[in-house]
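What TrEMBL records for this protein:
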- B:Cys73, B:Cys76, B:His77: heme c 1 binding site (BINDING)
- B:Cys226, B:Cys229, B:His230: heme c 2 binding site (BINDING)
- B:210-362: domain 'Cytochrome c' (DOMAIN)
Amino acid sequence: MKLLKRPLPALFLLSALPLLQACGGDGSAEKKFSVRFSPQVGTQPLSCSASYPNIGKTGTTIELLEFKMYVRDVTLVRANGEKHALKLDQDGTWQRDAIALLDFEDGTGTCDTGSPETRMEVVGRAPDFNDYTGLEFKVGLPEEQNHLDGATAPAPLNSPGMWWSWKGGYKFVRLDVRSTKNATWFFHLGASGCTGSTAEGYTCASTNQSTVALSGFDPEANQVVLDLAALYADSDLDHSVDFKTDNIAGCMSSLSDPECAALFSQVGLTAEGSPREVPASFIRVR
Amino acid sequence: MTSRALLSWSTAVLSVLLLTACEEEKKPYAWQLPPGFPEPFVPADNPMSEEKVELGRHLFYDERLSGNGTMSCASCHEQQRAFSDAKATPSGSTGHAVPRNSPGLANVAYLATYTWANPVLDTLEKQALVPLFAETPLELGMGTRLAEVLQRLREDARYKELFQAAFPEDKDPIHEDNVVKALASFQRTMISGNSPYDRYLQGDSTALSAAARRGMELFFGERAECYHCHSGPHQTNSFRSKDTKLSERDFQNTGLYNVDGLGAYPVNNTGLFEFTNNPKDMGRFRVPPLRNVSLTAPYMHDGSIATLEEVLDFYMAGGREVTSGPHAGDGRTNPLKNPLVRPFELDAQERADLIAFLESLTDMDFVNDPRLSNPFEE
């Protein structure tokens, strides 16, 4: 009987919760936040049915073929620096644990390898403060979850086309475009130089882990821009592959791939795959 | 306790008992999946059952299913060849030339789309209609003589039993819809997961020879670049399981032909273009899975490459130059070719290693599995 009496104060608190929530903004309750992503070329929205001129060092014209990416540990930062990781909705398709898949193509137009579904946001709960001014997230998957079985792993880790192999792991970013000279110009960001086996596990020379930190980000008002014009600014999307120093038009993340360095810098990686500051160009706040 | 309360209480107990009884009847189909194989996708209107699989197995091997009684599915899909037929392209039951190669059927349950290039055939049920009913090319030719084919089945007491067991709620179960459902159910059991490569993935580090392991490195490496398209557990990016959420529609032009210099493929084999009429889909075909690939020669959608050695030559050259005949043209410069198909070099040892890896995908248990064999020869 003693035990029965104890929960009563807690019950009172619970009934008072709606009142507290009504006040809002002081962090005593949780609130649903949507961190929105805006794929763009310059200031134009990115679409599967448009051409975008003046891209990269040669001013080529690009069309989108495919664009998906994994992000994780999406965290809101208060004005005082306090960080609150979003507790992601576990929706069974796009989000699991702290990992979210974003899908920026709708399978129409030039994006004919893709799925009709799109996903432009990360949705989760965080304490309800009204002074969130920053955003942090990591790109891709952590090494310990990067060598799962892409067939049996739970969604969103079973997206076909985002998985290379047990050894290679997942594509953290898959961005394929057509340029004037190249039918496909790839940017597949992932770990590289991996060795091992399913039985013994894998280790990778470059795990290519990067963290994006954005200031001036109010989740209610702002979006995360992913600007392809800025991403490709220092790349030549029209170069022809010589099949000696370079096998593929674009970057497949291997250390010897001459086209990776210019792209890596835009996602916060040195040419060797170590973290560095992310410039406010490809990924920035709008 | 009042009598009314007692009544409702006993009703509740009774209904729980009834529910349990129903649930027992509907117990899920017992997949016998190799380690690491997810449950295949199964359409909601055709749940798996042992009985459907057994019926489908009979139908698959039964020549009475063709209009003129001369061919069964197994005529072009022989178990000993991992359910392919060793022909470049087969002929239908009435002699029609079929323009495309009979593909092996190992793990077809996991494909996202069916046939070489059709983007809308996304279940084995829809696929089955093609060989059964299509008229150009005519394969089994069941459509033109449907009543006659069904009558043959109705007259066989064995089928009466098999259909009744498979479709117990259907008063008159011998009809084409159930034929299709049973065939699809049987094909979903064509699971191949005990090749040396599978055993290696399952943790047996001795399952692969040293050569096959070196070949595997090449297969999954950036030089040979096989794995970008032959990705995933069955070496194809066409994949769907029960839990797959996002579909992928990936068809590739590998530079086999270039008859007009603008990328054209022979008119009877234009791939995805045949269905979409979109010029950039010319010559694009679904990436075939590679389990048991050493048993499924000849290769490519039209069987135009005879051996695995020649397949390596083809990919190392970054496409194929056809030097004479009506299909002459340089596929290596096909403008619609996937850029990942580009020249690369392998020395003799590396070639042998890559072949050894492809041979390690052969699953002899699959081709000898009695559950997949001809029931009329038992």
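Cβ atoms are placed via backbone N, Cα and C, with glycine included.
All annotation found in TrEMBL is predicted automatically rather than curated by experts.
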Residues that sit under 8 angstroms from B:Cys229 (heme c 2 binding site) by C-beta distance, when 6+ apart in the chain: B:Thr236, B:Asn237, B:Asp250, B:Gln252, B:Val287, B:Asn338, B:Leu340
For the binding-site residues B:His77, B:His230, the one whose C-beta sees the most other C-beta atoms within 10 angstroms: B:His77
Cβ-centroid neighbourhood (8 Å) of the heme c 1 site, B:Cys73, B:Cys76, B:His77 excluded: B:Phe60, B:Ser72, B:Ala74, B:Ser75, B:Glu78, B:Phe83, B:Asp85, B:Ser102, B:Leu105, B:Pro131
Cβ-centroid neighbours of heme c 2 site B:Cys226, B:Cys229, B:His230, 8 Å, sequence order: B:Phe219, B:Glu225, B:Tyr227, B:His228, B:Ser231, B:Gln235, B:Thr236, B:Asn237, B:Val287, B:Leu290
Cα separation, B:Cys73 (heme c 1 binding site) to B:Cys226 (heme c 2 binding site) (Å, whole number): 31
Packing count at B:Cys226 (heme c 2 binding site) (other Cβ atoms within 10 Å of its Cβ): 22
Residues satisfying Cβ distance under 8 Å from B:Cys73 (heme c 1 binding site), sequence separation of at least 6: B:Leu59, B:Phe60, B:Tyr61, B:Leu65, B:Pro131, B:Leu140, B:Leu183
Residues near B:Cys76 (heme c 1 binding site) in space but at least six apart in sequence (CB under 8 A): B:Ser84, B:Asp85, B:Lys87, B:Pro90, B:Ser102, B:Pro131, B:Glu139
Averaged pLDDT, computed only over the residues in the domain 'Cytochrome c' (B:210-362): 95
B:His230 (heme c 2 binding site) and B:His77 (heme c 1 binding site), Cα-Cα, nearest whole angstrom: 22
B:Cys229 (heme c 2 binding site): secondary structure state under DSSP, collapsed to three categories: coil
